[in-house]
Amino acid sequence: MEKLMIKGGRPLYGHVPVSGAKNSALALIPATILAESVTVIENLPDIQDVQVFEGILRRLGAEVARDGDRLCIDGRQLRNLPMADPSVKKLRASYYLMGAMLGRFGEAVVGLPGGCNLGPRPIDQHIKGFEALGAQVVYKDGSLHLTASRLKGARVYLDVMSVGATINIMLAASRAEGVTVIENAAKEPEIIDVATLLSSMGARIQGAGTDVIRIRGKHSLQGCRHSIIPDRIEAGTYMIVAAATVGDVTVENVIPLHLEPLSAKLREMGFSVKESDESLRVIGRETYRAVDIKTLPYPGFPTDLQQPFTSLLTQAEGTSLVTDNIYVSRFKHVDELYRMGADIRVEGRSALIRGGSPLHGATVRATDLRGGAALVVAGLAAAGVTEITGVDHIDRGYENLEKKLCSLGAEIWRS
Ligand SMILES: CC(=O)N[C@H]1[C@@H](OP(=O)(O)OP(=O)(O)OC[C@H]2O[C@@H](n3ccc(=O)[nH]c3=O)[C@H](O)[C@@H]2O)O[C@H](CO)[C@@H](O)[C@@H]1O
Ligand SMILES: C=C(OP(=O)(O)O)C(=O)O
């Protein structure tokens, strides 16, 4: 089993390029199923989840060719096969096969999705949307069976602002007859990215990025060329690394607006965050203030950065309260941080962090993707050597993590 080894305590300096967004890529790849010709996706991150999804499309009969950060998907020969193999269960985003296959074939059989274990990850709002469009949805033998003799545009009000449900309904609605209106839609940048792709394919989409999205579907969609937006969570992780190591790091190829919730919190703590058109520079300091955070749908503080940010808060002056309003159990990294010397108490969906206990290297285990990133942040800030197991979780979402960190002066390696 591979391990990440980190010799911590070194300030990180320099520039680091950000890859394409994981959480866009994992929706854009299944979205290509809706097109009857070739789609080219650019700025694709080379991460495990993307590789798994490429395999799923190949098994469905698509021709998939990768050239650097470009993926060419020819879905003309796609077949409507039941998809319930272990790879489907590995990914949370495999649920997008439901909206995409339903849109393309009028039916789909898809195994229940996987992804990080963050507590319950229900999909009732996805199902509500598919049913509103005229689909019948039945659960049988571990899979959802979706069928629709005709998909027809409808008004769908989401009970919770869900990124997954918003995107999944947009996918199916893009090939439905007439207009679909999604109310109380989520507003994440990745939703705008998917809407841009679907519009380039021929659907008419208005309002993505607001809480009301209108989709006029089209009987047939055509392939196009699309470049993925930068990964705001990867960018945020490196910004936190800069602060936690008392370094000075410029994160390049970002959309600064997407990082505003994090930049604002870092400034509140006393860090300098300098913004230019496509980069953000974070300058660390020896002492900084504790702050409270509450995760919320965009433009609130992202749940995906809560875990790495918690590692930074362990070194702040004072006590911080972190509340995760999106996922109740997104605190599995806390037990591991505790082994490294952190003073954190978890109660329900909150963690109380008493800052200022020095971190020291330890043997710790990543049990989910961003929990793993939190341990990397802590390991870089800690005195001594940290050994992280469960690296496969981290590889799901970070491209060239060690290479990028080494280029900033970190001592990190795989063994
Ligand atoms: C709003 C939000 O921050 N979404 C995050 C969520 O997206 P992901 O798409 O996984 O989750 P959703 O946005 O769908 O879920 C948001 C909330 O709604 C609830 N829910 C969702 C769907 C549903 O049918 N029923 C239901 O009750 C979820 O339990 C959760 O509490 O995790 C991703 C991976 O960590 C992040 O990149 C997204 O930014
Ligand atoms: C939890 C994450 O991924 P997933 O939803 O794909 O499990 C994430 O990107 O932080």
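Heads up, the Cβ atoms here are built off N, Cα and C, so glycines get one too.
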Annotated companion of R92, R121, P122, I123, D124, Q125, D304 at the UDP-N-acetyl-alpha-D-glucosamine site, TrEMBL, chosen from I56, I326, I344: I326
Cα-Cα distance linking N23 (phosphoenolpyruvate binding site) and Q125 (UDP-N-acetyl-alpha-D-glucosamine binding site), given in Å to the nearest integer: 19
I123 (UDP-N-acetyl-alpha-D-glucosamine binding site) versus recorded positions K22, N23, C116 - nearest by Cα: C116
Those recorded positions in C116, P122, D124, D304 whose CB falls under 6 A of ligand 2, listed in sequence order: C116, D304
Most Cβ neighbours inside 10 Å, all chains, among the binding-site residues K22, R92, R121: K22
I326 (UDP-N-acetyl-alpha-D-glucosamine binding site) versus recorded positions K22, N23, C116 - nearest by Cα: C116
Integer Å distance between the CA atoms belonging to C116 (active site, proton donor) and P122 (UDP-N-acetyl-alpha-D-glucosamine binding site): 13
